[in-house]
Amino acid sequence: MQEIKVVTRFAPSPTGFMHVGGIRTALYAWLWAKKNNGTFILRIEDTDKKREVAGSIKHIIESLNWLGINWDEGPNIGGSHASYLQSERLDLYKKYAQILIDKGLAYPDPYTEEEVGIFRDQAELAKKPFLYREHRPETFNVWDDMKPLRFKTPEIKSYKWNDLVYGDLSAGPEALDDFILIKSDGYPTYNFAHIVDDIEMGVTHVMRGQEFISSTPKFLSIYEALGIKPPFYATLPPIMGADGKKKLGKRDGAKDVLEYRNEGYLPEAMINFLALLGWNPGDEREIFTVDELIKVFNISRIGHSGAQMNLEKLDWINKEHIKKLSNEELKENIFKYIPNNELKDLINIKNQLLEIISKRISKWGDVKEMIEKGELDFFYKEPKFSKEKLIYKNVSLEIISNNLKQAINALESLKEKDFIVENIKNVLMQIANNLDSRGELLHPVRYALSGLDKSPDPFIIAEILGKNETLSRLQKVI
RNA sequence: GGCCCUAUCGUCUAACGGUCAGGACAUCGCCUUUUCAAGGCGGUAAUCAGAGUUCGAUUCUCUGUAGGGUCACCA
């Protein structure tokens, strides 16, 4: 058995941003190349000038960069098959087109677009698939570059082929047609250009969505006409929109992946999540680093059915990845979402506060939300409070005040350097345990320190505030 | 309409033809607790329907149903 050098590619068209569907396709192709020490190519399929959106290429590159999906050859770094922009390879497509013309397998379309449109409407009216080849001219003119060039399907037949994911696939003869190779504007169609490029670039494994199954016979017939062996095909199941019905698409709310970055998801969590959307390792592991994924990824375990995005699971996976980060990494990320310096300074001094925050978020953007809701203000700013809220159940304010006085006395006895969570807890618990219920002390202390109905426990707050501030806040409420 | 693909808890999924149909997210309950979060423990919850093959079918076959894709001078 001869080992083949794996070459995969991701070939987006520059028509806007990347959504998770495209990214997952890129990811699987990338993982497969990495796993096999192969080559991963980024190629831009910019053959439709009308749909092109300015800035897309930059945006696509930024998206892939964010996720760490890097390429060995591509538009910004070059490579031995440059250019990686199809619009700069027009001569090459013409060359291959000429080969087909010479074989009598390509001819200029004599009809106008309107005429073809009428054929199509007729077919639709008759509830039949539209087949251009039924209108194929008897004799072919010489191609003058002004008309679109069509492929003359050599043999109308059914196709069977093997797919690395779906196994044996087949299609009836109506999947075969005389499709356009080169458009009247001189640009090739996807159907033709990607085949030429895959051949030229030595691509061994083509990964793409299910929507291409029905055009695969067209591709196979081109390979046959050229006398070239097609690559391996790995068809990916679709990713469905939130309703679980339709394939995810830009028109129905698919998000730019960079929005996930802006919301504060970790790239490795995003990769982890997307890898699991349509693939599984065969055991029960779910949290993977990128390196682990490269090791265990396998085409044979890609699923066949469409999967719906589950944002809650993404949050969970992101949280699991957050847990793995060092304090430095946590700070670096969290600080991006903190507008005020007081809080940053405090976090720099108190690792405990960093821990509180990181435990309560599933993505960095949640920090912003906490701040906006004022959930962190009390750490560096005196809280506002109302006396009634000191009350725990039906205990009178008088008793509460009395309890708080005891707490103040006890806390005062702690030396500044001993003012840490363990000691604070000890001291307060001693008092609290003698009460009818601990809440009679712990609730008012927590409330006096935080001014909030919901907050972290009073012991940790006290340590973070420090002895002076803690005592001062308690004094104020009695 | 033709052709093609798919079908297991709400969601993502696992299960050489023989499992009590397993895991994860979500959800619910309990524990821990002064609240919230976290954590620990546990529960509810699925093989689309009908035939066939077989001693035995989630698994194989057929039909139906449902969903998806495709039938461009888009990719």
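Glycine residues also receive a Cβ, built from the backbone N, Cα and C atoms like all the rest.
Computed from a predicted structure; not experimentally measured.
Range A:12-22 is the one annotated as motif ''HIGH' region', of A:12-22, A:78-88, A:144-154 (source: TrEMBL). Here the domain 'Aminoacyl-tRNA synthetase class I anticodon-binding' (A:352-478) has, by DSSP, the following mix of helix, strand and coil residues: 86 helix, 0 strand, 41 coil.
Mapped onto DSSP classes, the motif ''HIGH' region' (A:12-22) shows 3 helix, 0 strand, 8 coil.
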